[in-house]
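Asker: Take this structure first; my questions come after.
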Amino acid sequence: MAAEILPQPQARKPCLLSKIEAFQDVVSTAVIIPKEDGVISVSEDRTIRVWLKRDSGQYWPSVYHTMTTSCSCMSFNPETRRLSLGMDTGSIQEFILSEDYNKMTPASTYQAHQGRVSVVLFVLEMEWLLSTGQDKNFNWHCSESGQQLGTYRTAAWVSGLQFDVETRHAFVGDQSGQVTILKLEQDSCSLVTTFKGHTGNVTALCWDPVQRVLFSGSSDHSIIMWDIGGRKGTAIELQGHNDKVQGLCYASHTRQLISCSSDGGIVIWNMDVTRQETPEWLDSDSCQKCEQPFFWNFKQMWDSKKIGLRQHHCRKCGQAVCGKCSSKRSTIPLMGFEFEVRVCDSCHESITDEDRAPTATFHDSKHSVVYMHYEPTTGTLLTSGSDKVVKLWDMSPVVS
């Protein structure tokens with residue numbers, strides 16, 4: 001069912017521990033069971049499976065349960081062994097797993113949404129079940145009584161959800177690229193603020209309650225770190241993926257961010273460095289270096305008898321420049337640019353080799369990632385791919 005892969009001693013890269021391959025369809029979501037050599041998987045073939053590692057080193061299903069309709073999302077609380085499943089029909093079904101993880105017992109059903117449930121999140125401290133759906137509603141229920149406590153209408157379909165227990169703030173990322181912060185009460189909520197920084201839809205959110213920073217990943221290939229605790233509105237861009245960001249996890253003990261993208265890339269970001277905000281792009285009708293007119297500046301073109309040029313922007317200073325004055329490329333890792341980007345000639349001269357030192361490492365999972373989960377207690381990363389394979393990685397060589 002699942003092959004054990006003997007680790008090869010290689011420095012500074014994730015080590016593939018195991019593959020679980022016995023799926024008829026793509027695993028849309030999965031979690032590692034803490035303190036157990038186990039995995040819970042939800043597949044598009046309507047099956048819920050609990051995989052436990054046997055003495056042979058292989059993972060075999062101890063629970064194999066088929067739902068009546070497809071599951072779209074999952075939340076697992078290891079302390080209570082409560083498994084909350086969001087369904088395509090809009091309902092949320094909850095099960096309790098036995099202590100030996102060999103049985104799952106139905107517990108509750110919530111008629112939460114009119115359309116597919118997109119995210120479900122159980123908050124043990126509040127006894128709340130948070131959920132979002134394609135009906136554009138964000139709801140929260142009391143997990144003890146089953147009663148709906150409140151609802152909030154979102155601007156677009158929600159694709160990311162995180163919650164801070166201390167402040168009762170919900171972070172909601174949607175398909176428009178916006179992140180909304182809501183303050184939840186027992187039976188009401190209020191809008192705190194909204195962040196808009198992505199040009200694509202938000203695909204993943206990750207909240208660190210210690211540093212009080214929120215990370216958002218997007219289909220525009222970028223990650224943004226929003227410094228909530230600093231109260232200065234600081235937003236740091238991270239550009240290191242060539243495809244849609246599919247998952248984010250933060251290892252707070254080492255201050256490293258793990259991100260995965262649909263092209264199979266795994267990036268480990270060092271967040272224990274002083275990063276800089278990317279500058280706002282400046283507006284100008286002519287190059288701010290050589291003063292040549294841009295192609296829409298007809299008056300200056302006529303007066304100077306010169307052909308208008310195309311406008312570009314320096315990623316380091318934000319100035320509007322022509323192609324001739326920005327012919328150089330450079331990485332600027334402390335600004336989040338791990339790939340070479342356009343810079344003006346004067347900024348290029350000011351960037352030192354030390355400034356170009358990478359702040360991230362890049363690795364290949366060798367499958368198109370659709371979901372990821374990181375378990376910090378074991379240092380294990382789970383990736384699920386479009387190849388219908390779940391891979392387990394030892395991240396200790398790179399997350400340390």
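Glycine residues also receive a Cβ, built from the backbone N, Cα and C atoms like all the rest.
Sharing the record's features from TrEMBL:
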type: REPEAT; residues: 195-228; note: repeat 'WD'
type: REPEAT; residues: 238-272; note: repeat 'WD'
type: DOMAIN; residues: 281-352; note: domain 'FYVE-type'
type: REPEAT; residues: 362-396; note: repeat 'WD'
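Relative to the rest of the structure, where do these features sit?
Answerer: Note on the repeat 'WD' (195-228): its mean pLDDT in the predicted model is 95.
Non-local neighbours of the repeat 'WD' (238-272) in the same chain are 14, 200, 203-206, 208, 210-211, 213, 215-219, 221-225, 336-339, 341, 359-374, 376, 381, 383, 385-386, 393, 395, 398-400; each lies 6+ residues outside the stretch with a CB under 8 Å from one of its CB atoms.
For the repeat 'WD' (362-396), the residues of the chain that approach it from at least six positions outside its boundaries are 7, 13-21, 23-32, 34-35, 39, 41, 240, 246-247, 249, 251-253, 258, 260-268, 338, judged by C-beta separation under 8 angstroms.
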Asker: Residues of the same chain, at least six outside the repeat 'WD' (195-228), with any C-beta under 8 angstroms of its C-beta?
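Answerer: Apart from its flanks, the repeat 'WD' (195-228) reaches 156, 159-166, 171, 173-181, 234-250, 252, 255, 257, 259, 261, 269, 271, 275, 336.
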Asker: Give me the DSSP three-state residue breakdown of the repeat 'WD' (362-396), ordered helix, strand, coil.
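Answerer: When I sort the residues of the repeat 'WD' (362-396) into the three classes, I find 0 helix, 21 strand, 14 coil.
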Asker: Per DSSP, what is the residue count of the repeat 'WD' (195-228) in each of helix, strand and coil?
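Answerer: Split by secondary structure, the repeat 'WD' (195-228) comes out as 0 helix, 21 strand, 13 coil.
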